[in-house]
Amino acid sequence: MHPAADDQRRAEDSVGNGAATHKSAEIVIDPAQVGAQNGSATPVPSHTYSEALAVVGQGRFHTLLLFITGLCLMSVVNETVNVGFIISAAECDLELSFSDKGILNGAGFMGVVVSSYVWGFLSDTWGRRRVLLLASSGALVTSVLSSFSPHVWVLIGARFLVGIFVSGNAATSYAYLAEFHGEASRAKVISWAAMFMSIGLILLPSLAWLIIPLDAQLDLRLFGMRYAMWRIYLLLCSLDLLLIIAGLLYLPESGKFLLTGGHREKVVQTLAKIYQLNRGKPAHTFPVKSITLDAIDSAYADEMQRRSKLGLRYLWQQTVPLFRVPLLCHTLKASVLMFGIFATSSGLFLWVPDILNTYVQHQDMKLCDVIALMHANKTAARSGDSVCPIAINANIFLITSAMGVVFLACYILNGFIINRVGKRTLLNGWFVVCGICGLAVLWTSDFYLTLILIAAFVSSGCLGGVLSAISVDLFPTNYRAMAMCLILMTGRFGAMAGSNIIAYLLTYNCNLIFILFGGSLLVCALIGATLTET
């Protein structure tokens, strides 16, 4: 539900933006291998980088690479969505209001929004591996520190910093993965890596189901404060970052990045080691001794040099044309649609555990009637001197985990049918179905039917990938990467805005949540019908 197509734009950019008319440039990787016999140089066979990757083959290295980059993408979901599973448990400890919960839910997304551009630029100038190491290490430290937050605003600030750091994983993972794969396998492995995000939506509530209900049985003290189970949950959600850091310390820098940066010896050393891992043969038997940059790679190398010289001015030069005719209309349409997708899916999904915690106790009522009752009970409790009444029902995490399975199934289904029905038809059809399901929540009092409708409603998040596939065709190659970054950044801002709008409406008018967001998906279907499919 957190489609990562903004991250995918780095994969496309790294594969090559620009004209294919640049003159090929040859880089001799291992001149020591060029010997002389009878006074004449021995000719060295030349390969393109793609041909060298074919010689390297697929094997253990690529399996590890897929696992680590998949974890990087999953960490983005883990560190932005996990707070949705603690707000009920943390309500008493931090005295959370609906408004506090809305801001807390959106803090991580806001961190991702404000830092996406910068991480993308650093990835293209510092290197993929270095950025992933820095981002993962920073996210790990700030996430661990956030578990010790004594006050809600300290926690909000800490989760905002976590979002800033984890945004680096979102902006770089696809490029890092893609640059170790040739054309034949690239799209396939990128799709596999994206599925780790759906897996994260299953693991998060499953972990919450195991950990958070133990709060009633364990009373832990650490550094003079009560270290509740929701704090341990935040801590455990960061363990994947440890695996990422360990894996990155073993993995090399992107060969494509090194090659376009002119680091000749490092490229052959990197590919030779991968060859050894994949083929089980000694590194010195790696047959590629010379690599020729093809036209696309040469254009990309020139573009990298231009970015380095211009610095952040490059971002400005790439962004301004998106808000001028003829690209302005495409930018606005795609951004509005992505905003609507994230505001509805992520914004509501973050509130699902907290809402269900009360709904499971009143299964014969309409959902909004239960929310009104929940608000009245909390207001009455705070006006008196009673003990905080919040009790966590472990079943809510199983229900949310089942919704994660639904999201994964939707991703898989979209992959099977997108080419058969067409991208635009699939997008608009899903918009209509999800919008109708959202509106239908207002009319049912059956518990299980309501859960099905909510699951279908928030499954609109799966449309992010479909919209990204359409948006790629709306922009010229030289502006495509920045356009995708902007569109996805707008979507994540929508997640933050949606969470806070829902926080307000939960207090004043629950029915408007489903009228507003359900209706917005139907409006999105009308806008989507005007997009040009190629």
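Even glycines carry a Cβ here, placed using N, Cα and C.
As recorded in TrEMBL:
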{"type": "DOMAIN", "residues": "64-534", "note": "domain 'Major facilitator superfamily (MFS) profile'"}
{"type": "TRANSMEM", "residues": "64-90", "note": "transmembrane segment"}
{"type": "TRANSMEM", "residues": "102-122", "note": "transmembrane segment"}
{"type": "TRANSMEM", "residues": "131-148", "note": "transmembrane segment"}
{"type": "TRANSMEM", "residues": "154-177", "note": "transmembrane segment"}
{"type": "TRANSMEM", "residues": "189-212", "note": "transmembrane segment"}
{"type": "TRANSMEM", "residues": "232-251", "note": "transmembrane segment"}
{"type": "TRANSMEM", "residues": "334-352", "note": "transmembrane segment"}
{"type": "TRANSMEM", "residues": "390-413", "note": "transmembrane segment"}
{"type": "TRANSMEM", "residues": "425-443", "note": "transmembrane segment"}
{"type": "TRANSMEM", "residues": "449-470", "note": "transmembrane segment"}
{"type": "TRANSMEM", "residues": "482-506", "note": "transmembrane segment"}
{"type": "TRANSMEM", "residues": "512-531", "note": "transmembrane segment"}
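When Cβ-Cβ distances under 8 Å to the transmembrane segment (131-148) are tallied for each of 102-122, 189-212, 425-443, 449-470, 482-506, the top count falls to 102-122. Note on the transmembrane segment (154-177): residues 4, 6-11, 13-14, 65-66, 69, 72-73, 75-76, 79-80, 83, 90, 94, 100, 103-104, 107-112, 114-116, 119-120, 122-123, 128-129, 131-132, 134-136, 138-139, 142-143, 145-146, 189-190, 193, 244, 254, 485 of its chain, located 6 or more positions outside it, place their CB under 8 angstroms from a CB of the stretch. A contact links the transmembrane segment (482-506) to the transmembrane segment (334-352), because at least 3 Cβ pairs that are 6 or more residues apart lie under 8 A. Between the transmembrane segment (64-90) and the stretches 189-212, 334-352, 425-443, Cβ pairs under 8 Å are most numerous for 189-212. Sequence-distant contacts of the transmembrane segment (102-122) (same chain, at least 6 residues past either end, Cβ-Cβ under 8 Å): 6, 10, 76, 79-81, 83-84, 87, 96, 131, 135, 152, 155-157, 159-168, 170-172, 307, 312, 314-315, 346, 350-351, 481, 485, 488-489, 492-493, 495-497, 499-504. Spatially, the transmembrane segment (390-413) is adjacent to the transmembrane segment (449-470); three or more Cβ-Cβ distances between them are under 8 Å for residues at least 6 apart in sequence. Same-chain neighbours of the transmembrane segment (449-470): 1-3, 5-6, 8, 194, 334, 337-338, 341-342, 344-346, 348-349, 352, 359, 367, 399, 402-403, 406-407, 410-411, 414, 418, 423-424, 426-427, 430-431, 433-434, 437-438, 440-441, 484, 487-488, 491, 514, 517-518, 521, 528, 531, 533, counting only residues six or more beyond its ends whose CB sits under 8 Å from a CB of the stretch.
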